[in-house]
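**Student:** Sharing a structure, written as structure tokens. Questions coming.
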Amino acid sequence: MGPTSVPLVKAHRSSVSDYVNYDIIVRHYNYTGKLNISADKENSIKLTSVVFILICCFIILENIFVLLTIWKTKKFHRPMYYFIGNLALSDLLAGVAYTANLLLSGATTYKLTPAQWFLREGSMFVALSASVFSLLAIAIERYITMLKMKLHNGSNNFRLFLLISACWVISLILGGLPIMGWNCISALSSCSTVLPLYHKHYILFCTTVFTLLLLSIVILYCRIYSLVRTRSRRLTFRKNISKASRSSEKSLALLKTVIIVLSVFIACWAPLFILLLLDVGCKVKTCDILFRAEYFLVLAVLNSGTNPIIYTLTNKEMRRAFIRIMSCCKCPSGDSAGKFKRPIIAGMEFSRSKSDNSSHPQKDEGDNPETIMSSGNVNSSS
């Protein structure tokens, strides 16, 4: 027993010491070929970094305004808007994390310990993972809300807490796996070229997870659209012409929103997914495209800038509130003004707009399912 226990202790100590060994960064970057690339093109990286940092600043400010809009507008203190707020928070952190990543890149990379390097890259994985999981949480909430509006209404505060908590817990675990041991510090031949301290198996695992998330989001939004179309056909069958035509308009608006959501998501993330798959399959120093990974990553980060536009600014009332925040106009009675400007007849609130952009759901239970998501609007039944 004695002789076998000594090597185990030594192995543990050496692995811990590796996390504070500055030479490991240089060794891994030299093995993958990124050491020479970064030395040869240091000036161009600085120029592109400035552009990328400006993009990140825009993303940060954009999402701060979204959070302020939700916080200062009482009518947005509902579960669905909390999901949008969580998405804005994760997108904001993605912008902050990528800015820090850029500032700590280049020559600064070789002054980092492996532990600091894992924190630099892990923070990006956590923020981007939280953003993607937030998109999935919004899709789940919209789908469940539609089903509950057909069956029965109940409190969804627990579901709100559960989904948001799961979003961050899973993201933290996913981003923390390399620093917890799933890395290639002691296995150079298994190292990623894009991220030289990450194991290729970890890269493949993350790519698989994100691909499954994308498929889940696609399936959920297709199911939402299918439910709306089913409702529209049912109204047509009952010869309820006014409701059927209104439902048909909402279905078309919903279809456009679904196409926008999925197209933007795929356009931003698919190139990075493909690059990471190439990283897993290519042998070291054989795929030159892997040395241009920053352009693929910034495209994924751009999704954090498009999310506020898709999920909030297409909502008419959120757009108005957003403009009020930007113009620094304090409207204490702004939340209740909309209620008194519309006549209330027989317990029903009528919107002045004939479009589906209003986020006030009609009291008619038959119309509720279609108002869940139309033209970017999101409403909760809570």
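Indices start at 1 and increase along the chain as displayed.
In case you wondered, yes, glycine gets a Cβ from its N, Cα and C as well.
On a predicted model such as this, the values are computed, not experimentally measured, just so you know.
Under the heading N6-acetyllysine, Swiss-Prot lists LYS10. The transmembrane segment annotation in Swiss-Prot covers 47-68, 83-104, 117-138, 161-182, 197-224, 258-278, 290-310. Swiss-Prot lists ARG120, GLU121, PHE265, ILE266, ALA267, CYS268, TRP269 with the feature sphing-4-enine 1-phosphate binding site. Sequence annotations record features per position, and here Swiss-Prot assigns disulfide bond to CYS184-CYS191, CYS282-CYS287 based on experimental evidence. Annotation comment: Swiss-Prot describes THR236 as phosphothreonine, evidence class experimental evidence. According to Swiss-Prot, the S-palmitoyl cysteine annotation covers CYS328, on the basis of similarity to another entry. Residues annotated as region 'Disordered' in Swiss-Prot: 350-382. Among the features that Swiss-Prot reports, phosphoserine is placed at SER351, SER353. According to Swiss-Prot, the compositional bias 'Basic and acidic residues' annotation covers 351-366. Per Swiss-Prot, the feature compositional bias 'Polar residues' maps to 371-382.
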**Student:** Give the residue from the binding-site residues ILE266, CYS268 that has the most other Cβ atoms within 10 Å of its Cβ, counting over every protein chain displayed.
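**Tutor:** Answer by Cβ density within 10 Å: CYS268.
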**Student:** Going by DSSP, is CYS191 (disulfide bond) part of a helix, a strand, or coil?
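**Tutor:** For CYS191 (disulfide bond) - judged by DSSP and reduced to three states - the answer is strand.
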**Student:** May I ask for the distance between GLU121 (sphing-4-enine 1-phosphate binding site) and CYS282 (disulfide bond), taken between their Cα atoms and rounded to an integer number of Å?
**Tutor:** 21
**Student:** How about the transmembrane segment (197-224) and the transmembrane segment (117-138): do they have 3 or more C-beta pairs under 8 A, pairs 6 or more apart in sequence?
**Tutor:** yes
**Student:** CB neighbours of CYS287 (disulfide bond) within 10 A?
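**Tutor:** Total other Cβ atoms inside 10 Å, all chains included: 15.
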**Student:** I need the least crowded one of these recorded positions (CYS184, CYS191, ALA267, CYS282), counting other C-beta atoms within 10 angstroms of each C-beta.
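**Tutor:** With the recorded positions CYS184, CYS191, ALA267, CYS282, fewest surrounding Cβ atoms within 10 Å: ALA267.
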**Student:** For PHE265 (sphing-4-enine 1-phosphate binding site) and CYS287 (disulfide bond), what Cα-Cα distance in Å is obtained after rounding to a whole number?
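**Tutor:** Each residue's Cα considered, PHE265 (sphing-4-enine 1-phosphate binding site) and CYS287 (disulfide bond) end up 26 Å apart.
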**Student:** Tell me whether CYS184 (disulfide bond) sits in a helix, a strand or coil according to DSSP.
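**Tutor:** Note: CYS184 (disulfide bond) is coil by DSSP, not helix or strand.
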**Student:** What is the total of other Cβ atoms whose distance to the Cβ of GLU121 (sphing-4-enine 1-phosphate binding site) is within 10 Å?
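**Tutor:** Summing over all protein chains shown, GLU121 (sphing-4-enine 1-phosphate binding site) has 21 other Cβ atoms within 10 Å.
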**Student:** Give me the count of other Cβ atoms within 10 A of the Cβ belonging to PHE265 (sphing-4-enine 1-phosphate binding site).
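**Tutor:** If we count other Cβ atoms within 10 Å of PHE265 (sphing-4-enine 1-phosphate binding site), we arrive at 20.
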